[in-house]
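Asker: Pasting a structure below so you can have a look.
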Amino acid sequence: MKTAKIYQYQLPMDSGVILREQRLQQRDGLVIELSDGIHTARGEVAPLPEFSQETLEQAREDLISLTQSWLNNEELDLDSNCPSVAFGFSMALLELEKQLPQEGNYQAAPLCSGDPDDLVVKLNEMSGKKIAKIKVGLYEPIRDGMVVNMFLELISDLSLRLDANRGWTTKKAEQFANYIHPQFRSRIEFLEEPCTTPEESLAFSKATNIAIAWDETVRDDGFTVETQEGVAAIVIKPTLVGSVEKCISLIEQAHQLGMQAVISSSIESSLALTQLARLAAWKTPETIPGLDTIDLFKMQLDTSWPNCDLPVAQLADLEVIWEN
């Protein structure tokens, strides 16, 4: 017999987490637990404030309706629901059907923030392929350019992923590029969405020989994966994109065109983050995912991230907001 439960969680965040100028003091989300009478599986539904199109309240209503349809054995159209619900529910179904492999890729590209001198030491000590991520566009582009150039100059085997979140005008993007030595530009694996529009970003890449990646653009209406000069990758944030099936389709389209697909976090708890690491190992085995977000939390949820010492909140301690 099918059963279902929906839990609600609130996890405290590190004080330094800022999303589009809003401080995120706690992460709120839902956990859907499905059982077929033999197996039990879970998925996480956690719209990201300032980024998701839906609120937590809208996601909750959507999730309850979808769960009732599943219990009634109705045909499900997951991506007709809001993206965070489509992702969390599809992940629970994948787990229930034992289709998500257990092995995960926990080698996250570290997010560089804090003292550059400390970071240089940390990055020099990294083993294996050295890839790190830097958020740009928060300060003056000249400062960003100097910092990026410094890292590439001091660590000769480092590659960088940069993310500007569409934060620059064409002029500011040019100012940034002017401070990156031409010989280092090929070691920028990609710069996510440098300019306000995709057209400006494409022109920037052509003018500077700095590869770019689509992130927000992937979620624009009518987006299709296509070969475009300068575009090296697409970044897939399942909580913002939709069902696992939709994400896999985007990954396969990118791979067919010789592009990277990078599975990336939307600051989910350790429950969903470990599932994303497993999805990455399964579908993007050659690519380091963008999942270095567990240190933004003060607490984990249900499933522990490997080698993370943060305390783990148990589902049994959470509020059950709905069950059949």
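Including glycine, each Cβ sits where the backbone N, Cα and C put it.
Swiss-Prot lists these features:
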- Lys135: active site, proton donor (ACT_SITE)
- Asp163, Glu192, Asp215: Mg(2+) binding site (BINDING)
- Lys237: active site, proton acceptor (ACT_SITE)
Asker: Taking every protein chain in this structure into account, which of the binding-site residues Asp163, Glu192 has the most other Cβ atoms within 10 Å of its Cβ?
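Answerer: Comparing the binding-site residues Asp163, Glu192, the most crowded Cβ belongs to Glu192.
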Asker: Which of Lys135, Lys237 (the active-site residues) has the most other Cβ atoms within 10 Å?
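Answerer: Answer returned by the neighbour count: Lys237.
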Asker: What does DSSP say about Lys237 (active site, proton acceptor): helix, strand or coil?
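Answerer: In the DSSP reduction, Lys237 (active site, proton acceptor) maps to coil.
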Asker: Work out how many Å separate the residue listed as 'active site, proton acceptor' and Glu192 (Mg(2+) binding site) at their Cα atoms, rounded off.
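Answerer: Rounded to the nearest whole number, the Cα-Cα distance is 13 Å.
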Asker: Tell me the Cβ neighbour count for Asp215 (Mg(2+) binding site), meaning other Cβ atoms within 10 Å of its Cβ, over all protein chains shown.
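Answerer: Around Asp215 (Mg(2+) binding site), other Cβ atoms within 10 Å: 23.
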Asker: Starting from the Cβ centroid of Asp163, Glu192, Asp215, which together make up the recorded Mg(2+) site, report each further residue of the same chain whose Cβ lies within 8 Å of that point, ordered by sequence.
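Answerer: My list of surrounding residues reads Arg161, Leu162, Ala164, Asn165, Leu191, Glu193, Ala213, Glu216, Val235.
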Asker: Taking just the CA atoms, what is the gap between Lys135 (active site, proton donor) and Glu192 (Mg(2+) binding site) in Å?
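Answerer: Computed Cα spacing between Lys135 (active site, proton donor) and Glu192 (Mg(2+) binding site) is 9 Å.
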